[in-house]
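For reference, the structure discussed in these notes is given below.
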């Protein structure tokens with residue numbers, strides 16, 4: 001899909017502050033939508049990252065944030081939460097009417113607005129599959145951000161995968177716990193399955209290949225069938241069979257309780273970060 005047949009508007013000149021993996025994935029998404037490279041500029045202090053982005057995507061690069069944001073309609077803050085205040089204060093007064101999209105976890109719009117001196121803030125929580133255009137992003141914007149500005153922000157994120165708007169900012173911590181951190185949960189499951197199969201005598205290379213393909217196939221069934229996960233699980237769980245034996249072991253070990261506790265821990269950590 002190109003930007004011309006996308007349901008979202010052309011985001012206009014887009015400036016990225018920070019040139020790490022998430023910025024790279026979003027830039028790749030914009031380029032897949034045929035956004036011209038000369039409509040993208042990246043501010044990144046590390047020379048190697050700057051040169052790499054320029055070589056890969058043909059985008060404009062610079063070392064300082066204020067040099068990137070002039071004339072931008074969208075500014076994407078793709079830096080670590082620990083340095084966000086200094087970065088924002090360095091941009092204060094230089095943003096004009098730009099909509100600012102933050103992809104940092106745990107930083108509420110009110111705090112970002114205070115640091116930046118603008119209310120036009122959108123929070124976005126993407127995840128690492130955005131690197132493949134297969135990400136999932138939760139978005140939140142306060143009432144000060146109008147529909148046109150929201151659409152521009154979503155256009156930037158949509159190139160990285162699915163997008164969903166969240167109406168209550170406090171639920172962004174739940175989004176972080178579910179989809180933001182979620183890929184790691186699936187990686188851990190695959191890691192554990194491989195280890196268990198190897199312990200049963202299967203060669204590691206074979207175990208890894210089978211586990212990876214199983215994860216891919218299960219994900220495709222979830223996304224392409226449209227059926228609930230519960231229904232798909234039931235179809236593969238024959239009464240008295242091997243799958244049922246494994247599922248019963250999961251249940252006896254408190255699988256659902258453990259998952260709920262893990263998500264709760266991530267939510268609480270996100271809220272602690274937001275509280276400063």
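Counting begins at 1 with the first residue displayed.
Keep in mind that glycine also has a Cβ here, set from the backbone N, Cα and C atoms.
Under a cutoff of 8 A between CB atoms, and with a sequence separation of 6+ in the same chain, the neighbours of residue 17 (NADP(+) binding site) are 43, 65, 68, 69, 75, 76, 77, 78, 79, 87, 91. What TrEMBL lists as NADP(+) binding site is 17, 18, 19, 20, 21, 22, 78, 79, 80, 81.
Taken from TrEMBL, the feature domain 'Pyrroline-5-carboxylate reductase catalytic N-terminal' covers 15-106.
What TrEMBL lists as domain 'Pyrroline-5-carboxylate reductase dimerisation' is 169-272.
Look at the domain 'Pyrroline-5-carboxylate reductase dimerisation' (169-272): DSSP puts its residues at 89 helix, 0 strand, 15 coil. Taken residue by residue with DSSP, residue 21 (NADP(+) binding site) is part of a helix. Residue counts for the domain 'Pyrroline-5-carboxylate reductase catalytic N-terminal' (15-106) under DSSP (helix as H, G, I; strand as E, B; rest coil) come to 42 helix, 18 strand, 32 coil.
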